[in-house]
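A.B. asks: Have a look at this one before I ask anything.
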């Protein structure tokens, strides 16, 4: 099923890219465990990495610091590798409240979560691709270091079907039930099967557009065919097919029974400890909760919060790392850590926060001590599991630089010829009035401005002041959710307003070529928000505009400011020299606004073509591409209802058109999920 990686791009590497690609590939072939790609904003870092993947033909995981950047990378990689498996693996929770206990108020908070089904399907698709083929790029968030089902058990639970295989219908149905598929003869949806005489239709959990029909004759598999679950039209017949479990957390029955005995042993030991310490309430609470879970596991094969018993279910010893997405990545896989100066500290912090919450639950009798082993990876475990790694950042952290030694690959020259912003330092005393006049100059020529302040209060006051003086301004702060944040950035690019004020939310993130001025207030206040890395990242937001400029308001030049200005000047001089040598005139980027959200859009269109003769492709069109994420979500719910109505009325042509449109809208919505 694997194909070689085939890079699809109208451009050839240029600027610093050819040298960066060569050095990274040589380092990987020489067996270097760590390399750093120091690439400035707009230098084509993703294109460089895509070239390395295509040349070396190795399965790759790309780690991004948040869902927004993961979505952007997923869209870019899907464009570079349309014929290969580009997968998306982020947390599938739209909302997640972990269970917790607050001793001071004696409050227990139950676990509460809302799962995004589309992202769950994409996660299952990602692990399937890693197990089945080598031409895989998985774009993941830090969700990749959290516990996942054991790959060995996952592989053991698969159902392999081949034409001519001797197996009766009841055996297939029993195996499907073990894989947590449910029978539903009325509503055929993902993770279900239906039975009609000797025919079993199965809708694989990792698929959203193809189902399997198993035709039996006299306890023998006579035919296996793939069909469109909506129209019922057969796409092709296959000699064999593998059904993957509905969830990553399936466990064979014998393993569950063995785990139950181990849980009972731990419960008995823990009860003795609690009684010895005169913790009678905690002992009763723990016994009651655990016995209930054991009964559920015995009857149903799972229970609410079964992940807290994952150590027993996967057969690990106390303190051993949980199985994660890294266990699915082949031994010769490649890891790319994007925006590594943010992602690496995130990985280090996940374990500590999780541990503190669970220790309280164990101490007060809500969970057994083994629940502490249901956790994300510790940083040292991540280091041990990580394959050969490339760290990508415009401002690499000390960790990456230390690990890479001399292997820091510079990518400072942009193929577009764009120069780093001109930097000016101006006094603090007149910063607000000076900023107002700069904003008016930019607004007059239809360009945008980003302003970063030190405190929330100052951001609010500045926004109010600018509004009073007639400027079109918005304020971006930590209380705004992902969906609304993307709406604000989109509106800024479309020119709905001219100025965006924020604190620490304007650094690493989406490309905004329309921004020509970045103003940093109180730049001379040394600290986290005004460190060398923060300043370089913030200045870089204006690096995609031909008129890019950064104004640092400060009464003195701090060491961080001096380093940031020096590094920006170095990059600017190198680009200027390259432009002169090659006769390049800097060109601004004309990136469509819909690119922020348009993930896999072309792929969705391609899928829609030719799925049955005579079908007209859905006009997913222009209207939807310009919609806000909230409107997209509303539109998706509306269309799903229409699609099911058409299917019930046997109007399969119309239902299929809407289904193709839903494909595209769901891809667009991923960025904000």
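Glycine is no exception: its Cβ is also placed from the backbone N, Cα and C atoms.
Annotations for this protein, taken from Swiss-Prot, read as follows:
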type	residues	note
DOMAIN	26-183	domain 'Helicase ATP-binding'
BINDING	39, 40, 41, 42, 43, 44, 45, 46	ATP binding site
MOTIF	92-115	motif 'Beta-hairpin'
DOMAIN	431-597	domain 'Helicase C-terminal'
DOMAIN	633-668	domain 'UVR'
A.B. asks: Let's check the environment of residue 42 (ATP binding site): how many other CB atoms sit within 10 Å of its CB?
C.D. replies: 20
A.B. asks: Treating G and I as helix alongside H, and B as strand alongside E, what does DSSP give for the domain 'UVR' (633-668) in helix, strand and coil?
C.D. replies: 33 helix, 0 strand, 3 coil
A.B. asks: Residues with Cβ closer than 8 Å to the Cβ of residue 39 (ATP binding site), same chain and 6+ apart in sequence?
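C.D. replies: The list for residue 39 (ATP binding site) reads 20, 45, 48, 392, 393, 394, 411, 412, given in order along the sequence.
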A.B. asks: Look up residue 42 (ATP binding site) in the DSSP assignment and report helix, strand or coil.
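C.D. replies: Going by the DSSP assignment, residue 42 (ATP binding site) belongs to neither helix nor strand, so it counts as coil.
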A.B. asks: Count the other Cβ atoms sitting within 10 Å of the Cβ of residue 44 (ATP binding site), across every protein chain shown.
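C.D. replies: So the Cβ neighbour count for residue 44 (ATP binding site) comes to 23.
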A.B. asks: DSSP-wise, what's the residue breakdown of the motif 'Beta-hairpin' (92-115) into helix, strand and coil?
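C.D. replies: DSSP composition of the motif 'Beta-hairpin' (92-115): 3 helix, 15 strand, 6 coil.
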A.B. asks: Would you mind ranking the binding-site residues 40, 41 by how many other Cβ atoms sit within 10 Å of each Cβ and giving me the lowest?
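C.D. replies: If we count Cβ atoms within 10 Å for the binding-site residues 40, 41, the smallest count is at 41.
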A.B. asks: Provide the number of Cβ atoms within 10 Å of the Cβ of residue 46 (ATP binding site), excluding the reference atom itself.
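C.D. replies: Other Cβ atoms found within 10 Å: 19.
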A.B. asks: Please determine which of the binding-site residues listed here (43, 45) has the lowest count of neighbouring CB atoms within 10 Å.
C.D. replies: 45
A.B. asks: List the residues in the vicinity of the ATP site, defined as same-chain residues other than 39, 40, 41, 42, 43, 44, 45, 46 with C-beta within 8 angstroms of the site's C-beta centre.
C.D. replies: 48, 394, 411, 414
